[in-house]
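Let me begin by presenting the structure, written as C-alpha cells, before commenting on it.
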Amino acid sequence: MTTLALTDGFVLTPGFAVEKRDVLVDADAGDIVEVGSDLGADADDTLDASDGLVIPGLVNAHSHAAMTLLRGYADDKPLDAWLREDVWPIEATLRGSDVRAGAELAMVEMIRSGVTAVGDMYFHVGDIVDVVDRSGMRARVGHGVVTVGKDDDDAQADLDESFHVAEKFDGAADGRVRTAVMPHSLTTVDEELLDEAAERSREAGIPLHFHLNETPAEVDPIVDEAGERPSAYADDRGLLRPDTWAAHGVHTDESEIHLLADRGVTVVHCPASNMKLASGMAPVQEMLDAGVNVALGTDGAASNNDLDVFGEMRDAAMVGKLAADDASAVSAESALRMATENGANALGFDSGRIEPGRNADLAVVDLDVPHLTPHHDLVSHLVYAARGSDVRHTVCDGRVLMDDRDVVAFDEGEVRERAQEAASGAVDRAER
Ligand SMILES: N[C@@H](CCSC[C@H]1O[C@@H](n2cnc3c(=O)[nH]cnc32)[C@H](O)[C@@H]1O)C(=O)O
Ligand SMILES: [Zn+2]
C-alpha cells in the first residue's frame with residue numbers, strides 16, 4: 001500500500017464538525033484509511049494542509065463540460081432562443097478535437113476549484129472520457145439524445161448511440177468513469193423513445209439523466225398533450241428511479257415533489273443557470289423537506305458562466321432564502337450537503353464524506369486569507385465566503401490532482417491555448 005497523508009489541517013467530519021486532524025489515504029486503492037492524529041510520519045507522501053480545511057471534493061452533478069468553449073459566446077437570452085439561435089448551431093460544428101479541448105479546460109477549471117466529480121451530458125463522449133482519464137477526476141458521463149426534428153432512423157440512431165456510449169465507457173479510467181443513458185429532456189425526445197430509454201436502461205442496469213421542468217416550455221406542452229404534470233409523465237414512461245438524476249426541476253409542483261421523493265430521484269439544482277436564463281427558482285427547500293435528494297450543478301459554462309461549485313453553494317443558499325422569503329431556508333449546511341454527499345449519491349460514487357473506506361476525493365481550502373477570517377463557523381465560510389480560487393490542493397481517488405495550486409496532469413497554458421483555438425474555429429465555421 002502506498003500512502004498519502006494530508007497533514008496538520010482542519011478536517012470537515014461527516015457531521016460537519018471541524019476538527020484538527022490528519023487524513024491518511026491509500027493511494028493505490030484510492031480510499032480513505034484513517035482520520036486521526038500524527039498520521040504523517042509513516043506515510044509515503046504528505047500534502048501540507050496546515051492553515052487549511054480538508055473537505056470532501058465537491059460534486060458538480062450536472063454539466064456540459066465542453067461548453068466552456070461557448071463561455072461568453074451568447075448571453076442575456078432565455079433558454080429556448082439561446083439553444084436554438086446560438087448554442088445548437090455552433091455545437092453542430094464541434095468536432096471531437098474541439099470537445100476534447102473544451103473538456104480539458106473544464107477539468108482544469110474544476111480541479112482548480114476543488115471539484116472531484118462531475119455528471120456530464122454531451123457528445124463526442126469518447127473524447128471526454130479520455131480527458132477525464134488523464135485529469136484524474138471522477139465522472140459519470142453520457143451522450144445527450146435529441147430526437148425532435150429528426151426522422152425515425154436518425155432518432156433511433158441517437159438513442160442507440162447513448163446506449164453504445166454507456167456500455168462502452170462504463171468502468172473506464174480504472175473505474176473513475178461511470179456512465180448513464182441521457183435523453184436530453186421530456187420535450188426534446190419523443191415519447192416512444194423515452195419509453196425505450198427507460199426499459200432498455202432498466203434491463204441493462206444503466207442509470208438515467210435528463211433535464212426536467214427547466215422552463216414553462218418544458219412543462220406546458222406535456223400538461224396540454226398528456227394531461228398530466230411532466231414528472232407523472234416521466235413516471236408513466238418508467239423514467240423515475242433511484243438511479244435517475246434530473247437537472248433543474250424548476251417548475252415542479254407539490255405533487256411532483258412528492259413523486260420525485262417517493263421514487264428516490266435526485267434533482268440537481270443549478271441556481272446560476274436558472275437565474276441567468278431567467279428560467280425561474282426551483283422549490284429547493286420544499287424538495288429538501290419532502291426528502292428529495294437535491295444536488296448542485298453548474299450546468300454548462302455558457303449559462304453560468306464558470307464551473308465553480310462554491311458559487312453554486314452560495315447562489316443556492318442566497319436565492320433559496322429569497323424565494324422562500326425565509327432567511328432560514330437553504331441553510332449553509334444544506335447547501336454544503338448538496339455539493340458533497342448528495343451529489344455523490346446522485347452520481348453513484350462512494351465519496352462526499354471524509355471517513356475510512358470512502359473514496360479519497362478531497363479538497364484543501366486555504367483558510368489563511370482575509371475573506372475567511374475570523375473562524376466562527378467554517379461551514380458558513382465554505383458556503384457564504386469561500387470561492388474556488390481558495391482551494392490549494394485537490395485529491396481524487398487517492399491521487400494528487402492539484403498540488404499547491406499547480407494542476408498536475410495538464411499544462412494550463414497549453415490547455416487555454418487549445419481551447420481558444422477550438423472556440424475561434426467553431427465560431428468561424430458557425431458564422432461562415
Ligand atoms: N445529441 C444532441 C446533443 C445533446 S447534448 C446536451 C445538450 O444540452 C444543451 N444544454 C446546455 N445547457 C442546457 C440547459 O440549461 N437546458 C437544456 N439544454 C442545455 C447543450 O447545449 C447540448 O446541446 C445533439 O446533437 O444536439
Ligand atoms: Zn443542462
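Just so it is clear, glycine is given a Cβ too, placed from its N, Cα and C backbone atoms.
TrEMBL entries are annotated by machine, without manual review.
Sequence-distant neighbours of D299 (Zn(2+) binding site) (same chain, 6+ apart, CB under 8 A from its CB) are H62, S63, H64, A247, C270, A272, S273. Sequence annotations record features per position, and here TrEMBL assigns Zn(2+) binding site to H62, H64, H211, D299.
Residues or ranges marked as substrate binding site in TrEMBL: E91, H184, E214, D299.
What TrEMBL records for 53-400 is domain 'Amidohydrolase-related'. Within the model, the domain 'Amidohydrolase-related' (53-400) shows a mean pLDDT value of 98, rounded to a whole number.
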Candidates H62, H64, H184, H211: member of the binding-site residues with the richest Cβ shell (10 Å): H62
Integer Å distance between the CA atoms belonging to H211 (Zn(2+) binding site) and E91 (substrate binding site): 18
Among E91, E214, the most crowded of the binding-site residues [Cβ within 10 Å]: E214
Entries of H62, H64, E91, D299 (binding-site residues) sitting next to ligand 1, with Cβ under 6 Å as the cut-off: H64, E91, D299
Listed binding-site residues adjacent to ligand 2, that is, members of E91, H184, E214, D299 whose C-beta is under 6 A away: D299
Cα separation, H211 (Zn(2+) binding site) to H184 (substrate binding site) (Å, whole number): 6
H62, H64, H211, D299 excluded, remaining Cβ within 8 Å of their centroid (Zn(2+)): S63, M121, A247, H248, V268, C270, S273, G297, G300
